[in-house]
Amino acid sequence: KDPSRVCAFRVVKFRRTGESSRSEEDGISGEHEVQIEGVRTELEPVELGDGAAVPKEFANPTDDTFMVEDAVEAIGFGKFQWKLSVITGLAWANAMEMMILSILAPQLHCEWRLPSWQVALLTSVVFVGMMSSSTLWGNISDQYGRKTGLKISVLWTLYYGILSGFAPIYSWILVLRGLVGFGIGGVPQSVTLYAEFLPMKARAKCILLIEVFWALGTVFEVLLAVVVMPTLGWRWLLILSALPLLLFAGLCFWLPESARYDVLSGNQEKALATLKRIATENGAPMPLGKLVVSRQEDRGKMRDLFTPHFRWTTLLLWFIWFSNAFSYYGLVLLTTELFQAGDVCSISSRRQEVKAKCSLSCEYLTEEDYTDLLWTTLSEFPGVLVTLWIIDRIGRKKTMALSFLVFSFCSLLLFVCVGRNVLTVLLFIARAFISGGFQAAYVYTPEVYPTATRALGLGSCSGMARVGALITPFIAQVMLESSVYLTLLVYSGCCLLAALASCFLPIETKGRGLQESSHKEWGQEMVGRGSHSPGESQE
């Protein structure tokens, strides 16, 4: 054998980060402190062929260089991530601002004698604000940092959320709720920040569990409405619903900037300091070597979502997110309407008896309505648990497809004249699965896009979701007055198409690491170290 073609490795073992090859000079310098369990010095030489890469078993994050992905995997899940989960969850409690729509609409309909189209517009204007701002917040987060975009959007939502409680007339509350929606459009960026600090094995579970705060927010809103509405009225309900965001605004100064973003923007020292902070809080060692900086100036560009590798994924995800929001918020609004009527058949028979129904007639929500609304809201929790159980077993794509199929089936069952109890059960199951599908989309989307466009990708998908949410009040509230069966058919058909779209997504992100640069293909970077065999195909 040619001596110049022979490479010998000294192998050391150290805590948490596995086996690594190190040079003789590194071992002598003592520059890094590691816990050595054993050193094997007599190794057989390994010959590499022309142009051959270093074998995978020797290519470890602790060689001479490491990436942020390697550091996150090496440090693991610990105290830092637990703190981050709670703080990020407070941002997700903005579900209160969304749940309030189904409670506020019938109240203002009666108090201000609003026609049905103005009630629907009051709901839609929130989604107009969210739709118009989602991509903007994503662009800000890619250009100026995840923490920056998130802080501004939360403070914006808090300010206008409190201000809307003082609206004197309909036009004022219409504008102010639209501005609240504009701020809410940036809250999903908390998922981008959160996902970039999570190790691969914990990512899906943690993102799903953070959705528990969304469910807690919706439940708390209903309970708050039960107490506040009969005594203090809807104005105090709007003001008190902004309190979780006030708590988040105070705590978000603890949040660090994403190390992945800092690396991509060329700020190596700040990224390294953040990783050391996480390692210290978790009581884990930092990987050895030098942090690799892959600076990319053209971050957050819409054209990157439509490169040949992401074009089909982006278009399918846009429709999936549209269908998720269209169906989820449609069901929330439809639940209120169905409970007030009693069941589907009551709506139909009542329309036959009163052909020309006055659009100004109103019915306040009763205690029974609030109770049933609470039960259907509690379905968010089993939705999280079911998705949590299946997402790492069958994958992200199949989880979304299954959620859409179950929702579609439950919608079709509502065609049957069922009693109030069966109606509540069907709405419970439908909401559990559509919320589960929404959660699966929040797991999949940050995983499929690279760091350079991750916030923009999530923001644009969130924007498309708001288009669905914008349209749905006119289906769930206006079309319902014409035909309840056509309304249910629209929701069922939309979810069937979304199930097909989920199956046709070209990339399954289960077991994959987060891609850093948009200039690299899938698989050129950390693609689930050790999770795929060399010959295993990737969808």
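The backbone N, Cα and C atoms fix where each Cβ goes, and this holds for glycine too.
What TrEMBL lists as domain 'Major facilitator superfamily (MFS) profile' is 83-510.
Look at TrEMBL and you will find 516-539 tagged as region 'Disordered'.
If you look up TrEMBL, you'll see 84-105 (among others) marked as transmembrane segment.
Here TrEMBL flags 117-140 (among others) as transmembrane segment. If you look at the transmembrane segment (117-140), the same-chain residues 6 or more away from its ends with a CB under 8 A from one of its CBs are 97-98, 101, 104-106, 108-109, 148-149, 152-153, 170, 173-175, 177-186, 188-189, 300, 302, 325, 329, 333, 359, 455-460, 462-463, 465-467, 469-471, 473-474, 477-478.
According to TrEMBL, the feature transmembrane segment maps to 152-173 (among others).
The transmembrane segment annotation in TrEMBL covers 207-228 (among others).
Residues annotated as transmembrane segment in TrEMBL: 234-255 (among others).
Summarising the annotation, TrEMBL assigns transmembrane segment to 309-329 (among others).
What TrEMBL lists as transmembrane segment is 399-416 (among others).
According to TrEMBL, the transmembrane segment annotation covers 422-444 (among others).
According to TrEMBL, the transmembrane segment annotation covers 456-476 (among others). Within the same chain, residues 120-121, 123-124, 127-128, 130-139, 141-142, 181, 185-186, 188-189, 191-192, 300-302, 304-305, 310, 314, 317-319, 321-327, 329-331, 333-334, 337, 441, 445-446, 448-449, 487, 490-491 sit at least 6 positions outside the transmembrane segment (456-476) and bring their C-beta atoms closer than 8 Å to a C-beta of that stretch.
Residues or ranges marked as transmembrane segment by TrEMBL: 488-507 (among others). Counting only same-chain residues 6+ beyond the ends of the transmembrane segment (488-507), those with a CB under 8 A from a CB of the stretch are 312-313, 316-317, 319-320, 323-324, 326-327, 330-331, 334, 344, 397-398, 400-402, 404-405, 407-408, 411-412, 414-415, 434, 437, 444, 448, 475, 479, 522, 539.
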So what's near the transmembrane segment (422-444) in sequence-distant terms, Cβ-Cβ under 8 Å and 6+ beyond its ends?
-> 188, 191, 203-204, 207-208, 211, 215, 317, 320-321, 324-325, 327-328, 331-332, 335, 338, 343-344, 372, 375-380, 382-384, 386-387, 391, 396-397, 399-400, 402-404, 406-407, 410-411, 413-414, 461, 495, 498, 505, 509
Among 152-173, 207-228, 399-416, which stretch has the most Cβ pairs under 8 Å to the transmembrane segment (234-255)?
-> 152-173
